[in-house]
Amino acid sequence: MTSIMLRNNYQYRPPVLTTIFHRFPHVNVSLQLVNSTFDPRSEVYIESLGILGSIPALWLIVTLFILLIYLLTRCCDRKPRAKHSITVLKWSLFLFAVLCGATLGIALYGNDDVHNGLDSAISSLRAIDDSIVGARNQTLSIESTLQIKVKQLMTELNDVFEEPVRNQTVRKLLLSSLANMQSNTTAAVKACQDLQAPLHVLNFTTLFNYLYLGESIRYPATMALYITLLVFCIMLIFGVYRHSRCCLITFSVFGLFAIIICWLLSSLYLVIGVATGDVCMSPDRFLERQAPAHVRSQKDILDYYLTCETSRTNPFHVVVKRGTQAVEAISYNLGVLSRLAKQEYKQDQLHPRLDILTTEVKLASNLMSGLPAILDCRPINREYIHALQSTCDTALFGLALMLLAMAVAGFFFTVLVWLDSHTWIYIRKKREYLQVEEQDPYMPPSAASQAIAARTMRPPQGDIYGRSPGVGAGVGPGNMGTLRGPSRGGPPPSAPQHPQYATLNRKFRTLEHPGVGNRRHDNGSTGMAMSNNYSSHTLGHKKFQQRDGPGQYSTLSKKCKTLESSDFY
């Protein structure tokens, strides 16, 4: 607890966190220590706060410069990247992204603490203002009652008492009592005016209206900013999980903005925290310096409400006592006047004036008797201490959490941008598979089949018909025979040991004819069959010239005709 109970009043004690912020070194440009008392009118003090706030800003500049150099090296590096395992990098990104998200969660908690503290402080200021406004309105009510209603009724009664009566002594007593009432009314009005002078200056309505408006904007805006930074972390985790190059590159850009935001907020929070700590170390002195001139001249009033020491006397006690005595005198003289007037004057001459006057004087007496309770220091000082506790304890603690969270988040975002920029360069786009359609073995192959066949071509072991050198059997263009199956009991034809291929010039196509086994039709007859071995033929306008010997390949002329299905038969 930051306060203790002493004789029905609270005594404020600065929290530990306030002392820590207040002990931050306040130096000027020459790095010389200056007075740390909060004084917004002092240029030296403002300069010291600016120097403290420039420390995170300077670190931001250094961080951005280092990242700029690193990213330039990444952009200028054009060497092809070999396959590299990025499992460690991905796990590191995931870990730091989770830690950064947790840090932003702490910042959100601190923002909520700041909001609760400021909202409670604004409520306390409103209660203080309500007490002051209540005292001011009550004195105005007493003044208006006495000045307007009571004096008007006394004037009317004075006209009644001017009429002659049988007993002149009673008439003189009535006029004397009425004169005493008028003089006491003037004294009571003067006392009310003396009370209103300092109360009119103490107006906190504008202050807490501005505070309420500013906090109603700051709280959701800060929360939205923290959630945006949290979305950046979620986007990075999604990119790591999905192995998304696009998400990682996008985070590299937004991560730089996150670094700038975090360190700028750290700078701002540091300045606000130190200034708040300076105020909370001696809030009474700050309010005394900031009070209006005529209020500072009445230092006893400020000391009474700020400290509320039991040894101090209420500075309004004398004025309130004078006004109370005047109103009591009015009530006493009114009683005498009412008793004597009823003896000498008719009822219709006194009523309803005398009855209304009695009611108004009683109202003024009740209002005046309630002023000491309203002007007592204990309710106001209790709200004042509560406002200090809310600001210097709850709100400052939340501000410290936000400051620490933004500094740590700035460091985490720096590491994440560095790791992310080093990770996405190893992520390649997936290669598309080559779509190859199934080809008819008797039709020209597609370009993809040509490419595959070109990779698998090998020089033949014999001639272009798949025979061993020196063997002249086979089927060629212009000499296609009818292949019959082997005779019964005869030896099966020998199969070649290796499949043979023919090569073409790069301007022509290669045609492969897979061997077709013995096919039988539905009528059981033996159909045309080709040899089991694979024979590649090069077709052209002219008959090819057979060349014997290994390593010999047939070529085509440029004027080859388009291959049709009739060329096979």
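Just so it is clear, glycine is given a Cβ too, placed from its N, Cα and C backbone atoms.
Feature annotation from TrEMBL assigns transmembrane segment to 49-72, 93-110, 217-241, 248-272, 395-419. Among the features that TrEMBL reports, region 'Disordered' is placed at 479-500, 513-569. Annotation comment: TrEMBL describes 524-538, 552-569 as compositional bias 'Polar residues'.
Within the same chain, the transmembrane segment (93-110) packs against the transmembrane segment (217-241): three or more Cβ pairs sit under 8 Å, each pair at least 6 residues apart. Residues 15, 17-18, 21, 56, 60, 63, 67, 70, 89, 92-93, 96-97, 99-100, 103-104, 106-107, 109-118, 121, 229, 232-233, 236, 251-252, 255-256, 258-259, 262-263, 265-266, 269-270, 272-273, 276-277, 280 of the same chain lie 6 or more positions beyond the ends of the transmembrane segment (395-419) yet place their CB under 8 Å from a CB of it. Tertiary proximity for the transmembrane segment (49-72) is limited to same-chain residues at least six positions away from its ends with a CB under 8 Å from its CB atoms, namely 24-29, 252, 256, 259-260, 263-264, 266-268, 270-271, 274-275, 407, 410, 414, 417-418, 421.
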